[in-house]
Structure formats: C-alpha cells, structure tokens
Amino acid sequence: MEPNDLTIPLLEDGPAKTVTFQLRDIKCASCVNSVESVVGTLNGVKSVAVSPLDGRAAIKFLPKLVTAKQIRESIEESGFGVDEVHEQDIVVCRVKIKGMACTSCSESLEYALQMVEGVKKAIVGLALEEAKVHFDPNLTNVDKIIEAIEDAGFGADPISSGNDANKVHLKLEGVHSAEDANVVMSSLELAVGVNHVEMDLSEHKFTVSYDPDITGPRSLIHCVQEASCGPKRYQATLYSPRQREKDKVNEIRMYRDQFLFSCLFSVPVFVFAMVLPMIPPYGNWLDYKLHNMLTLGLLLRWILSTPVQFIVGKRFYVGSYHALKRKSANMDVLVALGTNAAYFYSLYILIKALTSDTFEGQDFFETSSMLISFILLGKYLEIVAKGKTSDALGKLIQLVPDKAYLVEIDNDGNILTESAIDTQLVQKNDVIKIVPGAKIPVDGIVIKGKSYANESMITGEARPIDKGPGDKVISGTINENGCLLVKATHVGSDTALSQIVQLVETAQLAKAPVQKLADHISRVFVPIVVVAALITWLGWFILGEAGIYPKHWIPKEMDAFELALQFSISVLVVACPCALGLATPTAVMVASGMGASQGVLIKGGDALEKAHKVKIVVFDKTGTLTVGKPAVVSAVLFSEFSMEELCDTTIAVEASSEHPLAKAVVAHAKRLRQKFGFSKEEVPDVVDFEVHMGAGVSGKVGNRMVVVGNKRLMHACNVRICSEVEKYISENEILARTCVLVSIDGKIAGAFSVTDPVKPEAKRVISFLHSMGISSIIVTGDNRATASAIANEVGIDEVFAETDPVGKADKVKELQMRGVTVAMVGDGINDSPALVAADVGMAIGAGTDIAIEAADIVLVKSSLEDVVTAIDLSRKTMSRIRLNYIWALGYNILGMPIAAGVLYPFSGIRLPPWLAGACMAASSLSVLSSSLLLQFYKKPLHIESY
C-alpha cells in the first residue's frame, strides 16, 4: 500500500475548480516562474497560469485535495501579496419538481429556467421529477431558481446544492433566546475547520459548512456541548432537512385520497346515469319531475358532479392556466377542455330543462366526473409505478448501516474503548470495528484483522474478497467472517457507494438522443389533438344536421350535436402525451439502476444509446486483457557471474525504481536469495542512480556499473548482446514475455523473463462479443511480438502495437472513419485520450480510479464480462424503449380514430368519454410496466471467478 493511496478517493467524480488571485509585486517572468513553481508543487493543483502584465493568477485545483486558502497561503509565503480572491465557480443544484404532467411540462420548465440570469444549463427529468441546474452563484442562487420554477406553475423543493457535500445540519436543545443562539454560533464559528455557520433561530437549527479533513459532525456536536456555561446546557443532534421518501409517500397518498374522494361522488353519478335507468322498477324515481322538465336524477347528477369538477378537478384548471401562461399546452389542457365541454353542456341542458316544459336533452355529468376519477386513478398508479423504476438505486442507498462501532486503540492495536454511534457521525481517520456479518459503514483501510468481504452489491463480484492489513474496504459491503479494525478514509458523500449513487442519479437526468422524438412530438401534440377534436365535432355535427348519415345512427336519447360532442370529448381525453414522455426516461432509470447493482455504471442516456450500436471494441492490453500485475516466470545466467551477484546487484538498482516491472523483478530476486540460502541480507548501496524512461535504470553498486533494462537500453549503453541472449529474448517474446536484461561492467550477467498473465475470462469474452457481431482490436504501447502473442491467446485478429496514448486516440478516430461505432476499454490511466475519443469509453476496474471522468461507462470490477453486460444491457434497454414507443404511438394512432367514431358506422362501436379517459391512463401504465420488466435483466455471460 502506497502512502498516497490514503488521499485518493475510492471513487472520484468531483470536478476541478478554478480560483483567480490578484497578485502584487509581479515584475518579470522570473516572478511568474517562482509563483508557478511554488503553487505547482501543491498536491491537487492541476494547472497554474500567471500573467506578468497584470499579475492575475488562474489556478485549477481539486478541492478535495487542496483548498483556495492553502493556495493563497503558499503564494504569500513565497513573498508575493494577494489582494483579491475570486472563485470562478459553477454551482449545481438539484430540485424536486411537483406538478409535471408530460414532456411539454418538462420542456417549458427547462426553457423557463434557462431564462434566469446566471443559469448556465438546466436539465429537467420527467420520470425522475427532478431538475438539475448549473448556475453562477455570483449572479443567482437557489432561492431565485425555486422562485422561477414556482412562477412557471410548478411546485419545487430543493434536494441539494453543489456545496452541500460538507455541510451538517444540527438541531439544538437548550437554546431559548437570541443570546443562547449567539453563544453557540460563536463557538461553532471559532471551531477549527469550520468555514460558515447559518442559523434558523425560530426552528433552533444550525447549518455548518466545514472542512472534512480537519473536523466532522461529531466534533461539531461536541463543540456545541462545550459552549454550555453554568446552569445552561446545550445539546445538538443531527437532523435531515430532506425527506424525499416521505414526500413520495405523501404524493402517493394525496393521489389516492383524491381518487377516493372523487369516487365518493362520481360512482353515484355513474349509477344514477348508467345503471339504475336500465333497471326500470328501481330507477323510476329518478324520472320524477321537480319543475318543468327538470328531473330528480338530473339535479342529483349535477349536485354530485360539481365537487368533482371544481374541487377535485381544480388541479387541471391550475395546470392548464400555467401551461397556457407559458404559451404551451399539456395533458391538463386536454382534460380541462374535455371535462368542461361535458360539464357546461350538461349544465346548459339542466337550465333548459328547468325553464322549459317541452325540452328534452341528454346530460353528460357522468362523463366529466368519471373522466376525472379515471385520470386520477391512472396518475395514482403511475406514481406508484414510477417509484419502482428506482428500486435498484434505492437498494444501493439502503446498504449503509445505521450504526458503527467507534473504537480507540493503543500503539499495539489493542482496543481501549468502544462505543456505538450513528454512521453519519463517523469522521475521517476514525477507527471502526467491523464484526463478522456486519455491513461496513465507511470506505477505509484495514489496520488489523483478516477476513473476507462480500462486495457483490457494489461490484457484482460474487466471490468474497480476501481482506487484511493495508487492504481497502468499501462502504455497504459485508464483512464475512473475521473481525476487522478499519481506519476511515472517506465518509459521507465521499464514499464509493455515495458517489455511485450520485453518478447514477445524474445519469437518470441526462436525456438519451432517442428522447428527442418524444420532445418534437410533444411540441405539436396537444394543438393537433385539439384541432382533431374540433374537426371530429364539426364533421359529425354538420353531416348529421345535413342528413348525410342515417338518423338511426344517432342514439334515441341524443341529437346530432350531442353525439358529435361525445366523439370530440373522447378524442380530447383519449390522446395521451404522458406515455410518449415516459417511454425513454423510465427505461433509462430502470436500466441505470440495474447496471449499478451489477457493477456497471452508465453515465446517462447518451452512453446507453450509443453502446447498443457498438460494432468494434478496442482493448488496451495491460490491466485490461491482462491482470496488470507483472510476474517473473524465469531467471537465467549468461556469464561467469553467480546467481547471488545477479540478485544482489539487481535488487540494489531496481529497488529505487517505481516501475511495476522493477517491483516484480525485485520480489523475484529476493525469493531467489531465500531459496538458495544466501547469507547476506543487507542491500548494497547504489550511487549515480539514473532512470532511462521507457528503457530501464542504471547505477553504480560498489565499483561496478550495473544496467538493468531492455535491449534498447543495452545498445544505448554499448553493451554487446550475444546470440545466446538474442535467442532467449526471441523465444520469450513469442510467449508474450518481456525480458529484463542485467549487465554488470558492460557484460550481460543474466536476464529475468516477466509476463503479465491474461485474464482467465478474456478468451471467452472475445468469443462472446464475436457471437454478438462485434469485432475486437488490441491497441497497446507494448512491443508487437508481445501484443501479437496476447492477441493469439485470446482470439483477436487485429493488433496495433507500440502506440502512445495520443496514438491510441488517433487509432480510435481512424476506426470511426469507417462509419462504425467504436467502444474503447481501458484501465483508465494512460487510456484517457482514447476513452474520450471513442463513441463509448469504458473504464474497466476504475471503481477506484480518477479516469471515471473520461469514461462513459464505468465497470467497477476488473472482469471483462462486464463489457458484454454493458453492451447487452444497452441493447435490451433500447429494444425496450422502441417497444415503449410502439405502445405509446400505436395507442394514440389507433385510439384517436376509434374515439373519433371511425368504427361506429360499421360496427356501432363508440368510445364513451369516461372509457376514453380510462384508456388514456392505461397507456401510461403500459409504458411504465414495460420499462419495469427491465428489473428482471440477467447477465448474458457469467464467468466464475478464479
């Protein structure tokens, strides 16, 4: 374990920030170089640019590794003054949206948000019912964004903002006055590591921003307690200001209650209008005339339908008003038009019956009330089904245990004290005890104990992983059998599990290109439906009045106007823009959640859509097709030198190298010394050590000049390579092995043959990809002989060797010129340019790697089978999206003509408006149910771990 590993997040998706300083005393290029060299050495600083003209310095840095304050202090320590600090930052906030009905709503809300000054980008997810807004905090804030959403006619609750990661919310007890609050606030503000404190005196709540490397929630609570003085005692507890699950439950309950309330009135209306009149003895009382032609049944239907129309149906009026105010139209407009037409025509019938003793007409009060009830039932079932689309993600969130066992240990690792605390109170560098069978609460490093960890819920790896001192553990995974002491390195939102969840939630908001079809249709859908309904009414009414169709087509209780009105209302309410809007995002939500649960993190609908078109997969060799851990398979002598001399000199020189091959050679040389029982244990000193990039190392051991490296380095150092050595090199290259030659005083003393074993599943994965119609290519920086040997072993025909990182990206672009979609699979370190250049970049084994930013899809574990899983899941998802569009478009294409009465002349079949409303609800449910079937997705290829 390298010391720096403790500072590298297990899963990093944090963007870099840029800070600008105004510097004094910058007089020349020398001053610029001084500042750039000082700041450039800070861990976490990615780039430094200083202008010698105006003294402005722009520094790009990773806030998780270094802060703007630390950068400023380093500049001041180097002798330059800093007058001004201004962070150029874009903050991201997520907001829960209430009241969206269809794609038209989400599109108009996106437009409204983008009109707010300071908003750089806004994404609104219909299925997720969330908005993600990128804004400049210098120009606007979350409150203004919430205000813009509410002005557009939607409800809004903030979920998170970009600076929430290191905030803690405290509920205080014992604070009874402003004086008490000021005492506590002062105590918190003076605490080490606290950046900012906000107070809500009325609720006795404090929000504290802090530096997680210095302090944490537990220390802040202790700080509040220490502020107590005399008889006054202050206590603080954590509270969560966000209640997303509770909001979802309340929303479901609200729709259920509204539906049941509407049924209380609409069912009797339906019975009075459609059932009792069919049973003469029991329905005769409804025909009792109260005044003129006004019957008791008509009056009761009006009284019962009115609360449904104006109390329960108020949401449709409000939604229509805001939609029309935004100069758009949505489902609410269609429902409001349809129900109003039915209700107010029926009211006209009631007034005519009241004022005339000869008028006879058919009312449609049951149409308006039943229509609203069915739509509410559909919305209720839709909300319930939507909740299930994120079930897989919800299960990931629930993996973290509520409690953790905090321990204090002595220098020997013995436990001194132990206490159970809330997991949210764990801080960096705490030591946590993990008992057998318990879930691991934080990311950390094992400092004592041995066990096996079940990481299948995070990586999809079924085989338990051996854990011992120095090994990393991931929050949410299960400790199988032994007791472990773990030092916390990443807590809260910094853990791998939290970042996986954040990644998937972000992906679920990102629109797939195929969603554009629904967006284009939604813009014109409602106007087209309204025009179609008007044409339907005019067509049936005019043709009926003109006597063009037979009179017996008109039911005896109606006239031509009423029949035409029923057809037009049916057209209005049968059309369903909701199903179109849900077709893509619900499938993407389910698929991204299922992928995350199996160790495949898909960063949005765009990546998901492109992956299904992949025809060529480009593999890096080292760490991708191979294990990535070199091992020495043989060592030979070529001259009069002894094996002891070879091992001692090799260890002395290679011990100073950080190269993986060097480490493998040193480990093997040490094993040889033990095997042959060499007595001398100390390693000789090396002087004049030099690293030859890409070739090897050299140095003096005693009086001897030792060179360790490849054949190219030997030629450069004028070391003669005899035929015996050449033969040995050739034989090993054919076997995909690398030869590390060792020369002592200009003579080849021996060689080590190093290989990087091919992953056991590689051959089967390449074969499976071929069966899917996908060809595979190797692009590597290694020599051609080694690359060709690996290709032959796994079954790949096309190889591009000795290629640098930029060359890999160029090769990917060259393949794209053939007109095919190319995926790049790399270990995410030197493959970043190619990962970005590819249509789909897959970072394999990058669950712990910064290359997650470059990749479109992250395969958390190192198994190649997940390349197949990612492509297959993409294909299944796109197939499901196409099926959803068939359901949605097919339903509207068939439903609207039937509602308009196309079948009526031939079969007498017509669709009453209340039944048309039920069909509209069923269309959305059919799309949601289709998407939910993705929850049963199984990997096409499962290879047992070795």
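Using N, Cα and C of the backbone, Cβ positions are placed for all residues, glycine too.
Any TrEMBL annotation is an automated prediction that lacks curation.
Here is what TrEMBL says about this protein:
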- 17-83: domain 'HMA' (DOMAIN)
- 91-157: domain 'HMA' (DOMAIN)
- 166-232: domain 'HMA' (DOMAIN)
- 259-279: transmembrane segment (TRANSMEM)
- 291-312: transmembrane segment (TRANSMEM)
- 333-351: transmembrane segment (TRANSMEM)
- 363-381: transmembrane segment (TRANSMEM)
- 524-543: transmembrane segment (TRANSMEM)
- 563-584: transmembrane segment (TRANSMEM)
- 885-907: transmembrane segment (TRANSMEM)
- 913-937: transmembrane segment (TRANSMEM)
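Residues 104, 329-331, 333-334, 337, 549, 560-561, 563-565, 567-569, 571-572, 575, 577, 580, 896, 900-901 of the same chain sit 6 or more residues outside the transmembrane segment (524-543) yet have a Cβ under 8 Å from a Cβ within it. Sequence-distant contacts of the transmembrane segment (291-312), counting only residues of its own chain at least 6 positions beyond either end whose CB sits under 8 Å from a CB of the stretch, comprise 258, 261-262, 265-266, 268-269, 272-273, 276-277, 283, 285, 339, 343, 346-347, 349-350, 352-360, 363, 365-366, 368-369, 372-373, 376. Between the transmembrane segment (563-584) and the stretches 259-279, 333-351, 363-381, 913-937, the greatest number of Cβ pairs separated by less than 8 Å involves 913-937. DSSP places the residues of the domain 'HMA' (166-232) in helix, strand and coil in these numbers: 23 helix, 22 strand, 22 coil. Sequence-distant contacts of the transmembrane segment (259-279), counting only residues of its own chain at least 6 positions beyond either end whose CB sits under 8 Å from a CB of the stretch, comprise 286, 297, 300-301, 304-305, 307-308, 312, 363, 365-366, 369-370, 372-373, 376-377, 380, 914.
Residues 252, 255-256, 258-259, 262-263, 265-267, 269-270, 272-274, 298, 301-302, 304-305, 308-309, 312-313, 316, 335, 338-340, 342-343, 345-346, 349-350, 562, 565-566, 569, 573, 912-914, 916-918, 920-922, 924-925 of the same chain, all 6+ positions outside the transmembrane segment (363-381), place their C-beta atoms under 8 angstroms from a C-beta of that stretch.
Sequence-distant contacts of the transmembrane segment (913-937) (same chain, at least 6 residues past either end, Cβ-Cβ under 8 Å): 270, 335, 338, 342, 364, 366-367, 370-372, 374-375, 377-379, 381-382, 385-386, 388-389, 391-392, 566, 569-571, 573-576, 578-579, 582-583, 586-587, 589-591, 594, 873, 876-877, 880, 883-884, 887-888, 891-892, 895, 899. Per-residue confidence over the domain 'HMA' (91-157) averages 83 (mean pLDDT, predicted model). Taking H, G and I as helix, E and B as strand and the rest as coil, DSSP gives the domain 'HMA' (91-157) the counts 22 helix, 24 strand, 21 coil.
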